[in-house]
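Contents: one structure, followed by commentary.
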Amino acid sequence: MEKTYIDALPLTMNSSEQQETVCIFGTGDFGRSLGLKMLQCGYFVVFGSRNPQMTNLLPNGAEVLSYSEAAKKSDIIFIAIHREHYDFLTELTEVLNGKILVDISNNLKINQYPESNAEYLAQLVPGAHVVKAFNTISAWALQSGALDASRQVFVCGNDSKAKQTVMDIVRALGLTPLDQGSLMAAKEIEKYPLQLFPMWRFPFYLSAALCIFLFFYCVVRDVIYPYVYEKKDNTFRMAISIPNRVFPITALTLLALVYLPGVIAAILQLYRGTKYRRFPDWLAHWMLCRKQLGLVALGFAFLHVLYTLVIPIRYYVRWRLGNLTATQAILKKEIPFSTSTAWLYDSYVALGILGFFLFVLLGITSLPSVSNAVNWREFRFVQSKLGYLTLILCTAHTLVYGGKKFLNPSNLKWYLPAAYVLGLIIPCIVLVIKFVLIMPCVDNTLTRIRQGWERNSKH
């Protein structure tokens with residue numbers, strides 16, 4: 001069998017007298033990747049294996065011994081094996097006494113066991129100092145380099161010296177340690193790799209529900225209604241026309257929902273007269289998802305732009321323009337130019353362009369590489385002040401699109417208004433309430449509350 005690892009060339013090699021020895025129990029993918037990375041960073045690596053003779057896949061420069069012999073070589077041991085194989089460690093309790101055991105294991109599902117793997121390991125080997133670390137870093141990340149994956153390593157443990165030793169190793173490998181406290185935090189740390197887009201789940205579900213509702217709403221008005229009353233087959237509209245109505249409405253609604261929880265929080269603080277009471281859990285989670293809601297909204301805005309750009313090349317549009325031109329030529333009639341209509345259409349387009357530009361700017365400033373380069377006041381200005389300006393422009397863009405037919409009874413089909421009217425409900429509510437909140441008589445009270453003042457305070 002050919003070796004899958006190249007010779008390990010130390011990247012930060014210490015002198016031979018200062019070279020530190022680390023032990024790794026387990027020769028699987030992660031154990032081998034961690035060993036190779038440590039060899040490159042100047043550590044001497046000893047692998048503990050149940051089959052020391054099988055060393056074909058291990059990096060050159062590492063030593064392979066039995067578990068008991070390997071444990072005697074180092075004071076820090078990385079446990080790169082699954083929890084169900086921990087039982088053999090009870091036979092090594094004397095050898096492992098006083099040593100640092102770094103648990104890097106994960107489970108197959110959340111809450112698979114009553115306690116965390118690290119706490120279970122501490123129960124098996126009570127004389128050792130157990131530290132939880134490296135379980136959020138993949139073998140691929142160690143092989144390809146920290147720049148290709150998350151650099152953060154969550155670390156927790158009950159012994160401060162043992163935890164500091166592990167954090168020093170994390171830094172030596174070019175990663176960033178994050179101290180999460182005692183070993184009680186291990187259960188939460190072990191959940192991180194098993195979570196699938198926890199902060200994106202609500203935005204995705206909400207946007208999917210909005211899209212499905214709006215799509216069928218538009219199908220009823222623009223496809224079913226004409227077929228029932230006029231026997232017209234408008235099913236072709238389901239490809240571009242209807243999605244190009246669904247996407248901008250969804251984008252505008254999601255953008256309004258980014259700022260709605262802040263408005264609700266302000267109302268709650270005014271009602272309670274204090275900022276020292278927790279928000280409801282649903283509101284707290286909603287506020288944590290605002291960045292994701294905004295980015296999903298930006299994605300739908302991009303789709304709206306793309307669908308709008310292809311309108312001139314659609315067959316239906318070219319056919320309609322051709323027929324209109326031919327009819328005018330045959331009848332020798334000319335449609336008179338309307339300055340008010342020109343103003344309406346140009347204003348509609350201009351508002352859309354400006355709103356989309358600010359929308360993109362908001363998305364860019366939410367990126368970690370950009371947000372880390374600005375201070376809090378600058379970030380708040382962009383996300384709050386420019387954010388509301390974006391919402392105003394996009395709402396105005398939709399209002400001007402409706403124009404004179406906004407609430408015209410003739411535009412109702414089965415008493416259903418146009419879809420864009422539904423899209424204006426939440427944005428208009430948010431803007432109206434925000435306008436009330438920024439009035440001096442309200443804003444001054446809210447500012448005092450957020451600075452620590454309490455209405456019913458005895459002091």
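Cβ atoms are placed via backbone N, Cα and C, with glycine included.
Remember, predicted model here, so these are calculated numbers, not experimental data.
If you check TrEMBL, you get these features:
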DOMAIN    21-107  domain 'Pyrroline-5-carboxylate reductase catalytic N-terminal'
TRANSMEM  204-229  transmembrane segment
TRANSMEM  249-271  transmembrane segment
DOMAIN    249-394  domain 'Ferric oxidoreductase'
TRANSMEM  292-317  transmembrane segment
TRANSMEM  348-374  transmembrane segment
TRANSMEM  386-402  transmembrane segment
TRANSMEM  414-438  transmembrane segment
Structural state census, the domain 'Ferric oxidoreductase' (249-394) (DSSP three-state): 122 helix, 0 strand, 24 coil
Folded-back contacts onto the transmembrane segment (348-374), same chain, C-beta under 8 angstroms, at least six residues removed: 251, 255, 291, 294-295, 297-298, 301, 305, 382-383, 386-387, 389-390, 393-394, 396-397, 400-401, 403
Remote residues contacting the transmembrane segment (386-402) - C-beta distance under 8 A, at least 6 residues beyond either end: 248, 251-252, 255-256, 258-259, 344, 347-348, 351-352, 354-355, 358-359, 361-362, 418, 420-421, 423-424, 427-428, 430-431, 434
Recorded stretch that, among 204-229, 292-317, 414-438, has the most CB pairs under 8 Å to the transmembrane segment (249-271): 414-438
PLDDT averaged over every residue in the domain 'Ferric oxidoreductase' (249-394): 89
Helix, strand and coil totals (DSSP H, G, I; E, B; other) for the domain 'Pyrroline-5-carboxylate reductase catalytic N-terminal' (21-107): 31 helix, 21 strand, 35 coil
